[in-house]
Amino acid sequence: MEGKEEDVRLGANRYSERQPIGTAAQGAGDDKDYKEPPPAPLFEPGELKSWSFYRAGIAEFVATFLFLYITILTVMGVSKSSSKCATVGIQGIAWSFGGMIFALVYCTAGISGGHINPAVTFGLFLARKLSLTRAIFYIVMQCLGAICGAGVVKGFQQGLYMGNGGGANVVASGYTKGDGLGAEIVGTFILVYTVFSATDAKRNARDSHVPILAPLPIGFAVFLVHLATIPITGTGINPARSLGAAIIYNKDHAWNDHWIFWVGPFVGAALAAIYHQVIIRPNPFKSRS
């Protein structure tokens, strides 16, 4: 198992061939000039004996830790100011989330696939891009990293942290739980669909002449979703991020709507996986030679 390619490769293009762009690319039939990995097995016990498996989990932990640390600090900086004009504002918060995802996915893509989000891991698992063993391990490490990241922020600025909501996700006043759930479903759908599209083997081969890094559209999707949904839920779309902030803040209102930030992202991720694998891709969920 040592040296095995990771489940999801982002960033560098591995396919030197070029395909026609547009409708001409749809008629390639079986003469593919790109390769797709076979579906991952449901259980892969051999992974547990591989150092690369644990290294990937550590990478997810550290990435999620850094993600929470920087983004929650940004939220606290905006919250403590009496004048939003004196801070980076909502746009700056959105940039901190999107920018950190761009940087961290770029850094960890070749190690773990750069998920940094249980919803992304869940969507890729449904598409059989990774085993259940690895998916569970990633989600646990992501949640632990998020808890530690939020905990460090609280340790540095406890008064500020506890006095300004701790970055916990809640449904804002004036919106219903249904509004919050819908925002989380659609926001996560956009993110996970972008992940599938940016890492698609066919797209990488067809667009090999386009010098673009997959983490860029993923980070930009996170930025745009935050711009739209911060006023509604504070933007979850990442159950680990919501859990870490809720546990460290640990006030009743942080838990009242917490289920929304698990159900919404997981439903959105499942819809994105089904849409991409069944509608966008031919031969969904079939083994490929």
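Cβ from N, Cα, C; glycine included.
Some features that TrEMBL has for this protein:
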- 1-36: region 'Disordered' (REGION)
- 53-76: transmembrane segment (TRANSMEM)
- 88-115: transmembrane segment (TRANSMEM)
- 135-153: transmembrane segment (TRANSMEM)
- 212-232: transmembrane segment (TRANSMEM)
- 259-280: transmembrane segment (TRANSMEM)
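If you look at the transmembrane segment (135-153), the same-chain residues 6 or more away from its ends with a CB under 8 A from one of its CBs are 53, 56-58, 60-69, 72-73, 76, 112, 115-118, 121-122, 124-125, 161, 166-167, 239-241, 243-245, 247-249.
Long-range Cβ contacts of the transmembrane segment (88-115) within its own chain (Cβ-Cβ under 8 Å, at least 6 residues beyond either end) map to 6-11, 55-57, 59-60, 63, 66-67, 70-71, 74-75, 77-78, 121, 124, 129-130, 138, 142, 213-216, 218-224, 226-227, 230-231, 235. Tertiary neighbourhood of the transmembrane segment (259-280): same-chain residues 117-120, 122-124, 126-127, 169, 171, 177, 180-189, 191-193, 195-197, 200, 233, 236-239, 242-243, selected by CB-CB distance under 8 Å and a gap of 6+ residues from either end.
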